[in-house]
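Chemist: Structure below; questions to follow.
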Amino acid sequence: MNKFVSIALCSSLLGGMAFAQQTELGRNPNVRLLESTQQSVTKVQFRMDNLKFTEVQTPKGMAQVPTYTEGVNLSEKGMPTLPILSRSLAVSDTREMKVEVVSSKFIEKKNVLIAPSKGMIMRNEDPKKIPYVYGKSYSQNKFFPGEIATLDDPFILRDVRGQVVNFAPLQYNPVTKTLRIYTEITVAVSETSEQGKNILNKKGTFAGFEDTYKRMFMNYEPGRYTPVEEKQNGRMIVIVAKKYEGDIKDFVDWKNQRGLRTEVKVAEDIASPVTANAIQQFVKQEYEKEGNDLTYVLLVGDHKDIPAKITPGIKSDQVYGQIVGNDHYNEVFIGRFSCESKEDLKTQIDRTIHYERNITTEDKWLGQALCIASAEGGPSADNGESDIQHENVIANLLTQYGYTKIIKCYDPGVTPKNIIDAFNGGISLVNYTGHGSETAWGTSHFGTTHVKQLTNSNQLPFIFDVACVNGDFLFSMPCFAEALMRAQKDGKPTGTVAIIASTINQSWASPMRGQDEMNEILCEKHPNNIKRTFGGVTMNGMFAMVEKYKKDGEKMLDTWTVFGDPSLLVRTLVPTKMQVTAPAQINLTDASVNVSCDYNGAIATISANGKMFGSAVVENGTATINLTGLTNESTLTLTVVGYNKETVIKTINTNGEPNPYQPVSNLTATTQGQKVTLKWDAPSTKTNATTNTARSVDGIRELVLLSVSDAPELLRSGQAEIVLEAHDVWNDGSGYQILLDADHDQYGQVIPSDTHTLWPNCSVPANLFAPFEYTVPENADPSCSPTNMIMDGTASVNIPAGTYDFAIAAPQANAKIWIAGQGPTKEDDYVFEAGKKYHFLMKKMGSGDGTELTISEGGGSDYTYTVYRDGTKIKEGLTATTFEEDGVATGNHEYCVEVKYTAGVSPKVCKDVTVEGSNEFAPVQNLTGSAVGQKVTLKWDAPNGTPNPNPNPNPNPNPGTTTLSESFENGIPASWKTIDADGDGHGWKPGNAPGIAGYNSNGCVYSESFGLGGIGVLTPDNYLITPALDLPNGGKLTFWVCAQDANYASEHYAVYASSTGNDASNFTNALLEETITAKGVRSPEAIRGRIQGTWRQKTVDLPAGTKYVAFRHFQSTDMFYIDLDEVEIKANGKRADFTETFESSTHGEAPAEWTTIDADGDGQGWLCLSSGQLDWLTAHGGTNVVASFSWNGMALNPDNYLISKDVTGATKVKYYYAVNDGFPGDHYAVMISKTGTNAGDFTVVFEETPNGINKGGARFGLSTEANGAKPQSVWIERTVDLPAGTKYVAFRHYNCSDLNYILLDDIQFTMGGSPTPTDYTYTVYRDGTKIKEGLTETTFEEDGVATGNHEYCVEVKYTAGVSPKECVNVTINPTQFNPVKNLKAQPDGGDVVLKWEAPSAKKTEGSREVKRIGDGLFVTIEPANDVRANEAKVVLAADNVWGDNTGYQFLLDADHNTFGSVIPATGPLFTGTASSNLYSANFEYLIPANADPVVTTQNIIVTGQGEVVIPGGVYDYCITNPEPASGKMWIAGDGGNQPARYDDFTFEAGKKYTFTMRRAGMGDGTDMEVEDDSPASYTYTVYRDGTKIKEGLTETTYRDAGMSAQSHEYCVEVKYAAGVSPKVCVDYIPDGVADVTAQKPYTLTVVGKTITVTCQGEAMIYDMNGRRLAAGRNTVVYTAQGGYYAVMVVVDGKSYVEKLAVK
């Protein structure tokens, strides 16, 4: 046991320092800079801060472990534990440095035993199990470590040489037991005349690292270095394996587009084979190029593609970035897209681009973080923290920064499901500190096998991972980090967007310092070290680790690998929008362009097609972008990125050469709710792009020209024409030949991929051209001096359109056969399109030759439209001149339309669109999807605060639904009331045009904050109050509001409801309160030039019992008028039933949206508890409950009220409660109030004292609370009728003491009244296709869904628009229900007899299922067939778990009375020697049968398995692990009711239980598999031609009477209790009807929906009900409606029947 103690020291010497009990340790700086001059003299002062001592048990008794702020123990094992503290200084580039102590102060403490150091502890070790060992130093009469100030060897960080000064303020003499405590040390670090080690040959400073230097070096002075060039960004090189070169383009284009100059280098072009040394040398050369701006390197490929640098104990990517000097400080940030396939790479590219480009204000998962910690650590860890303390410090930091939700998963008891739920619920950051393996986290055991359960599509966190070998990408299978980066669900990225993880076993303490610093940088704790990229945050975090932990920190840095893009712009909180304006058009000759932006620090970039022309940082609201490299671009892209901002992408036109492809014209955009509608006119000259006879030239890639002209003639369908033209290019009689390979497999074979030599000499094989199906000229011959070639003239060949490899041969006499030089002279997999002519014109190009390719259209001019939103393509292939998109996110968007012609695309035409309030059309809530067999069931809750947003209110509403509708066309009705509460004589007034315009009308009402006619400034407090209303169940209020003056729009108002009177004092709590913003101009009406603002529709839920509604204009002054119009109120016919699950509440806090009263005043009222935080707790549903205690560490006398929100109209309340089954008497009552929420307002309607509640056969582990066990009872359901007039319901816990607790969950209120017609319906989509609309129920079922993963979405359709879709993924796996086998159909008389075999004996509705049965452990249940009735089989299996040939035994007690006596609840079974009859006297069954109670026994299961058959029933049991080395008979696992030891476990008859032993973190554990032998229960259902004709069959045969004369399709499915199997079908063909699989004497075609039958006989077409639809001789044509049809043809007396489908 550790104990924290204080040592009384002289406070004056310690500067007021306090010694206190340890809590979470502070991290305050205790080193300051006193003086720093350019003469390279730096004075630094250390002061002791927060010195503490921890008592630990050692072989010499209790000893002390000292700690202080930022002190780190680097003492060798066996040496006294004496932390030191380090700081980095910038020093001379070349000189040796020295340190001198200028002054110091200390005190001494006598008779102190300092504990010996345990040395550096790795994270694959348990610190508690490492003993304290006193070394030789404890016999030496001197102070350790000796020097109080030292210098480390110098290092180089890019352009600055640094050196670490170390302070050792604790000096200890182990012989005299004297501890000398230096409270203050002042040192001077200065140059000497000697040349130092690791000198810096300075080239200048790249400005992008200024903040890093300021943070790293406490004496850094920017003025000491002259930057070569001021740049806001560096450069990135992507080193890519050759096989992925073509897949990286989108990533590189995006990086350039967002302002990071990015280049590509193929790894095999650096060296072949690729080596680590070659990569290292290449990066060094790139770094040393002029400009010194290489900042990022991204490696693309796995280790076998681009190897990591391997040295003893090191597997490193990071060393590639360590360039200057011989230290371990990176100059370049390194990352890796580790991939083994193109799919692996694509998902990493997609997730990175989406994260930087497409995140919006709707991404509410940002700002939510997950902290995971092991239950280990402590004094030997960084800052003396346990992993949990460490993560709590991080969690507090994140909360202070603005993170809105922190999920804490701390051992013991964390499960994979906890992690899966956290990811799938949406998180943006993960900090993990604990054990790890190559494929999993130790805490939770969440690993690569669980990744497939993640559904967090594009809601991707980045991860700071402190664990062993999670990043070992040299492992034999994908490591944990790789799995998270490659994860995807239904083609969408899941998992993580970036992770830093180690390739080796990490040390215990040093990575914690790195993780601390990463989070501090992320949360901007260091103003001089703000980093916005994942590489910048993580690398700078590791620098702090190296500074503090020296050599061990260097090793950790080298192996801590970034998986993902190091330049990734990280996001922490929900983004906000930027307002960006830029010129609509610029000149190509402009030297710069100014972009206005309201976010300083944003980066604005001009680019086109992935090429960057300029980039600048926004300063003082403007980015001035200097432009270079513009040539003839007709449109440019402006991209603006900012920290925690939505990315803005806009199009800028230029005055470049006119694009030959005409754009659309008259583009317009309108919005309705969240629906955007675009309309445009077709291009002005539709054929301009293809029929203009004037030749135009456009560069399509480097040195390749595409010329477009009209074709002289049309080609035959499906063909392309290839033309070769040359005119004595070399003037030597040589010419050219084109070779075309239709199999397209000759590139890299006959056509070389890496050279322009087709054949190296003139010994040319006669069959060289044999693989080429087509040549130009057609008789081209392979020779250096060929007979057939094109020297001066033109030849052509027509080929089938398709994919070809091709090359243009250029024979040279007496030399070789070349491939022509520049342009498209050889291509791999080139597509020649039908209807086009490809004209290759040979020319001299520079010192060589090449070709200009002209592609001519065959006379057509077809085109389609492509639509973009915010720079992202959202629809292509359109032919109509309109487009609609529903569910668009709130905010400003840019929509663009371009025309795609066959030979090119037009410039984009764009329009800005503003979509108002996403919650205007509320979506469904709590959508869930489940599947049984092939049936999918969806369930959801109605929209919250459902509006009825009708922009044109009906002046004649349907009676019974609309209570009030007022448009104020005739002024303010007499039934309305106005109150001028401020008494200035100016209240609400009617207004009419001209001057004041209503919404879509002439009149409205208004209130003034500024009066015309000399009145001037007003400070209104004006009420406009409705007539009396009757809303017993509440209602919906909608109205329209605007500011009369768009330039003075900040009018403030509120909406209130009163259930009593209509005086101002009756309106207290605002239902809606806001200040208007104009945002635009809608109406041309004006008062003295004041332009009216935009009308906004608002919706407010009115509470039950509302009698009056008031509109109050107040807290406004010196604006103008507020206008109000079209007020409508609809009554709710029935309040929706609702259930409180407490899932939105926070653990340890009062439940959200409920009122609590602690009437006894003991400070302990109702609060939320989460099973994710308490291992003894199991919620009724979800994870959260509410609880009240009568004992919690001490006896309590509770009187606690839990009060609902207003539930007016409720008739029943149903709820679930649970108590401690050992102390079940916690008394409670259900109470109601018809008035208020004070305790005195409530009366009892039901109360009880729970008693005699059983456990229900399960316990839920042991509590970590003060008094140990808190076994929870089963959940008890209660339903209580509520009297009429109930407004509030309270649960009161009282009249009890010194018991334990009562828990409540899933409280459901049933509301009364009769429903009225809804104002909306539901529409259901599957995989993007609408499958059902017009639904009014909140459930939907669909049967017969295809196997695989499906996305189901539900949207709400309102009168004026639709809600965003809410979606859920559902997986259909019908094969879990085995089908019949060998189905046959045979004639028997006039009947058809079906026969089949039963499904496979393995009962598949008992398919594999995983359930939690203990703390972090699982049971797997799957079918089996090898256990007899009334018996159970137990199997013990192992595979040399510990590698030392120790094994396991299984002990079973049929009397089930040994648990807690012979079998301890925790700890080993015994230590030392046990009674020889221990087993025989207590356990009836053993595995192995000869198991004996001896720790050295060989009667164990080491490798293999043993088994025993036992009677089904209740047993106590345990699994033992004899260990000779410790002399203990261990019990596997960690104790408690788990699969390794159990009290009263039921082994059910007819089942087999297999216990497989495994390693589990630092210990062992078991997985239990249960196989079920109960017989299958199912029946058969028979279908004929798609119609069910028989169900409930149990026999494997069926007779279909009277059906043998016709052809039919028969199907049989198996119906299980839990679902149905896939159908198995067979076609029945009667005798005399020919099999259509034979040669058919007819033709049958389906084009669209038209069926055509041609034969030399009679043909008939039937539907599947046997109705004849068409008939005739020779040819029959029928237009179908979709579905299945049958065709019968009779030719020469034989009948032929064929079934077909029409889509």
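Using N, Cα and C of the backbone, Cβ positions are placed for all residues, glycine too.
Quick paste of what Swiss-Prot says about this protein:
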type: ACT_SITE; residues: H435; note: active site, proton donor
type: ACT_SITE; residues: C468; note: active site, nucleophile
type: BINDING; residues: E517, E520, H526; note: Ca(2+) 4 binding site
type: REGION; residues: 940-968; note: region 'Disordered'
type: COMPBIAS; residues: 946-958; note: compositional bias 'Pro residues'
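What does the local environment look like for each feature on the list?
Modeler: Every protein chain shown contributes to the tally, and the Cβ of H435 (active site, proton donor) ends up with 24 other Cβ atoms within 10 Å. When secondary structure is read from DSSP and collapsed to three states, H435 (active site, proton donor) falls in the coil class.
All protein chains considered, the CB of C468 (active site, nucleophile) has 24 other CB atoms within 10 Å. Mapped onto three states, the DSSP output places C468 (active site, nucleophile) in coil.
DSSP assigns E520 (Ca(2+) 4 binding site) to a helical segment in the three-state reduction.
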Chemist: Closest to C468 (active site, nucleophile): which of the recorded positions H435, E517, E520, H526, going by Cα position?
Modeler: H435
Chemist: Among the binding-site residues E517, E520, which residue has its Cβ surrounded by the fewest other Cβ atoms within 10 Å?
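Modeler: Output over binding-site residues E517, E520: least Cβ neighbours within 10 Å is E520.
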Chemist: What is the interatomic distance between the Cα atoms of H435 (active site, proton donor) and E517 (Ca(2+) 4 binding site), given in whole Å?
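Modeler: E517 (Ca(2+) 4 binding site) has its Cα 20 Å from the Cα of H435 (active site, proton donor).
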Chemist: With every protein chain in view, how many other Cβ atoms are within 10 Å of the Cβ of H526 (Ca(2+) 4 binding site)?
Modeler: 16
